[in-house]
Amino acid sequence: MVVTTSIESPAAATNTTRLARRRRGTFAADKLWALAFVTPYVAVFVAFVIYPIGYGLWLGSDPASYRSLFSDPVYPRTVVNTLLYLLFGVNLKLLLALLLSGFFMRKGWWTKILLLIFMLPWAVPALPSYLSINWMLNGQWGLINNIIWHVAQVDGPPWLDSHYFALGSVIYGHIWKWLPFWTLIFLAGRMAISLELYEAADVDGASLVQKFTHVTLPLMAGMYLVCTMLSTIWALGDFNAVRFISGGGPALSTHVLATLGIRNAFELGDPQLGMATVLTALPLLIPLVILLMRQLRRSEVTI
Amino acid sequence: MTARRRSRALNRVGVWLLSSVLLIWTLLPIYNIIRVSMQEKEEVLSTSVFPVAPSPHAFEVVFRQTFWLLETFWNQMGNSFFIGIAVALLTLTIGTLTSFTISRMRIRNGWMLTNAALLTYVIPMSFLAIPFYGIMGKYGLTNNPIAVIAVEVTFATPYAIFIFQQYSASIPFELDEAARIDGASPPQIFFRIYLPLMAPALVAIGTYALLLSWNEYLYAFLLLSGGKVVTVPVTLGKFLVGDEAPWNYLMAAAIIYAIPPLLIYYGVRRKMHGGLTMGGVKG
Amino acid sequence: MKRMTRRQTLVGASAAAAAGTGLMPRRATAAGELTVWWTQGFYKAENDAVIAWMADWEKRNNTKVNLTIMNGPDVITKLIAGMQVGDVPDVVHTVTGDRFLVPRAAWNDQLEDVSDVVDSQKAEFTETALLSARLYNVKQKKYSYYGVPTKGSSLMNSVWLPLLQEVGFAATDMPGTQDKFYDFFQTVQDKLRSKGKRIFGLGYSMAAKEADAGNLFHQFLVSYGGVGIVTPDGKLNIDDPAVRKAAITSLERLTTPFKKGYVPPGAINWGDVDNNNAFFAKQIVMTPNATISIAAAQMDKPDLYYKEIITRGVPLGNDGKPVASVLAIAPTIIPKGSKNVDGAKAMLRDFIQPANLNAYLKETRARYLPVMASIVKTDPYWTDPKDPHRQVAVDMGLTQPTVPWWMSYNPAYSAVLSEQVWPQAEANITQRNMNPEQATDEAAKRIKQLFEQYQK
């Protein structure tokens, strides 16, 4: 995470400015070396970023694809799901992460061990975890409903068999998998806040809540915003959670754009339609990317 | 009881409560993997909460590759390793070279590269899956692990470049200059000064790239086929199609697959968190 | 540490170089090679049979065969993607391709005409098999054979005898006509429930994914008289009162038991394997399933195979007359762009020699049916009176009347199936409280849109 690092190493700022001042006078031989050094990345960028983007835009440029996309009753549902997924998945996750990062600031062996365990979901590969969550939530044989049955002798809710429950389950899976990562990011952010600020607040007799709202929050607001945008973009492209937890079911009611795109391309056999499906996320994606790139660039130089 | 003591007791109860919630939240799906992996095939479809007669049978099947879907399991583990290590090495190579050029050699249009990396960083990976497939066909790379390696390197490198740039800012410029006065060429500076001092960042990014490729399903599924070529996640996905439901084998294979990244992560965790920050695995 | 990193970098650089050279050559199939994609079987023996046959053919013909065995959905996905970029194998055997891909690929001129291969055994193939393989190519404005019929399957009903016996019924108590047959299992469930058993009577697949739910709905549609939904000349006939009524009745008959709790709630999410699982776990008394795979999976347990699991074919119509089974024919195709069409055709011609085809099909444990009547007549395996399941399947799929899926009349119907229009209509009833008439109208609207995209 770029942001975090920037907060952590103020040295970077001074170095960068000094660096900028010296940005002149490279020898010809050095230029050749520089060219040789950046060639691999430029090659990767052209071959695997520019070309696919161009090809994708070309694939998705047929208006007929959009006509057929908008006439598909699954599509509007998918758009709503995508928005709900982003709204709840991203915000709940980041809010929890922000609060939990405060908890993990506590000292003591127990917190350290807890943090180790807490990181597990992030270290376990995505696919096994999502398959496990899918099976755990199975209405007939899942662990959760088995527990409910043993405790209360009633059938648990049909986690994956009704639209809202299934969408909720997918969001739960997403949060479960990514909460540790964002908690860690915020934890690093908090650690960068000078302890003196808190000590000063203590002297003024501030309560826990006051310290949070008056010290932590203002200092971390910028970072929180960037994280929200970044997380939104990544969640927009999250294919695995939906694919393996709900599979888009029941009755194609929990697809998001990323999974519907793949379905339209490879199950319905229409790659152009699939590309058109993902491209309809551009009105959301482009402003986010512009904002985020501006934020990231700025934070890199200034903080 | 004084107010202070009461609040400390309350505090302790709060920590205890929150800790238990966190433990249950974190461990439930993981317990479920272990639970199912220790059940017998028939028992998987039952309403038990604990395995009735826990047995390592499923692990044995996976180890010996005696179930037909797992016939080439170790081969596939090998593929996952090969791809993961190749991705890590290539990401390190390309990332260090690029960041060295941008931040140490002060090239004029370095900002363009930074922007290119930023752009790649913020594109949702799965959105490019459809054109990627087509392009790999045009490069003649379908069903070739190189295609998957290329995709993952593409998406891992931007992050590597950022971290390297950040990290190298803390390496004093005077070192480069001294070497220059001694007549060192850029490659010599790169190998003798830059790389050794970047070691912690290299470990972190190497781990990050490895985890990224270990997590990848969609591209491996689309770009690879055939039991000998695919990676383990692709096979795990295949279990969902068939006339049987050997979920115990599936989960046992999943556990074995999860062990290497766990070991690596917990092994280099300090290095990853310290100095740098933690590498994010792009979703 | 220093040396270490340098070595790492060197390795990385050489890996990069290796990757770079790997970029150069295009995967080319030499003239003497064949790339084959085969849909994986449900039993190891089935795959082994294919592998062995290919190896043998390779030797006999001095042609290298690159065989890849993949699961059903993967084959379709990869083929779609491969066709998009013109990087295709030479021979593809698909199981669900007849529904989801092949008719549209033929329409778009993406498949080789394999009439000469089919003609080499034309007298042997059944009428439905030939009808299924005959598809329309809109670019060349002609009907022709674009797939080689390989194996067939139709809907079967698997029933647990012990569960019937538990509430005092025998196998002979199962009624023979459509409504009575399926209603009977509601009675069984009621009786089981009164004994405190939490078992569902009917295992209807109702998910908008994969093939099972579509199989079930369309067999119901035919059983209720809706076979004319698409006419043989490719016209959509969904507004025909008889067809509309059949669709409404089918939807009503499938969703009402679900709403009343005679079908497990999870059925709305069942993949093709899940009704089998529910059956094996004795969660359901019966389940309709394409092919006799449920019984065949238990072949090594004689008690289950011979005594406890009963296979019933499609019930008679409510009027007591036999109903045609909707017979799916798995095709083997040669995609356009194959670099060795002659070799591919030679291989297929050899593969569909009745003796070769029979040897392969037997390894499927009769999960799939022969597409040639002579195979069944000459090999007693298929009519073995001791086998309680195989003869039912053969009777339904070869002896009794069959109809092809409607994609062979118009590829638009393949889009109807891949979009899961009818299972979505079921969900509209069970989840969104539409009534069967509304759900039918909604489905009809979508189907008309899809047909508009396929005008000759």
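Yeah, the Cβs are placed from backbone N, Cα and C, and that goes for glycine too.
Beyond the ends of the transmembrane segment (B:12-34), by six or more residues, the same chain brings 251, 254-255 to within a C-beta distance below 8 angstroms of the stretch. Per TrEMBL, the feature transmembrane segment maps to B:12-34 (among others).
Marked as domain 'ABC transmembrane type-1' by TrEMBL: B:77-268.
Annotation source TrEMBL lists transmembrane segment at B:81-100 (among others).
Counting only same-chain residues 6+ beyond the ends of the transmembrane segment (B:112-135), those with a CB under 8 A from a CB of the stretch are 98, 101-102, 142, 151, 154-155, 157-159, 161-162, 165, 218-219, 222-223, 282-283. If you look up TrEMBL, you'll see B:112-135 (among others) marked as transmembrane segment.
As annotated by TrEMBL, transmembrane segment applies to B:189-211 (among others).
For the transmembrane segment (B:218-241), same-chain residues at least 6 beyond its ends with a Cβ under 8 Å from one of its own Cβ atoms are 69-73, 75-77, 79-80, 83, 125-126, 129, 132-133, 136, 141-145, 147-148, 151-152, 247, 249-250, 253-254, 257. Among the features that TrEMBL reports, transmembrane segment is placed at B:218-241 (among others).
Long-range Cβ contacts of the transmembrane segment (B:247-268) within its own chain (Cβ-Cβ under 8 Å, at least 6 residues beyond either end) map to 33-34, 36-41, 44, 57-59, 61-62, 67, 69-70, 73, 77, 80-81, 203-204, 207, 210-211, 214, 232-233, 235-236, 239. The transmembrane segment annotation in TrEMBL covers B:247-268 (among others).
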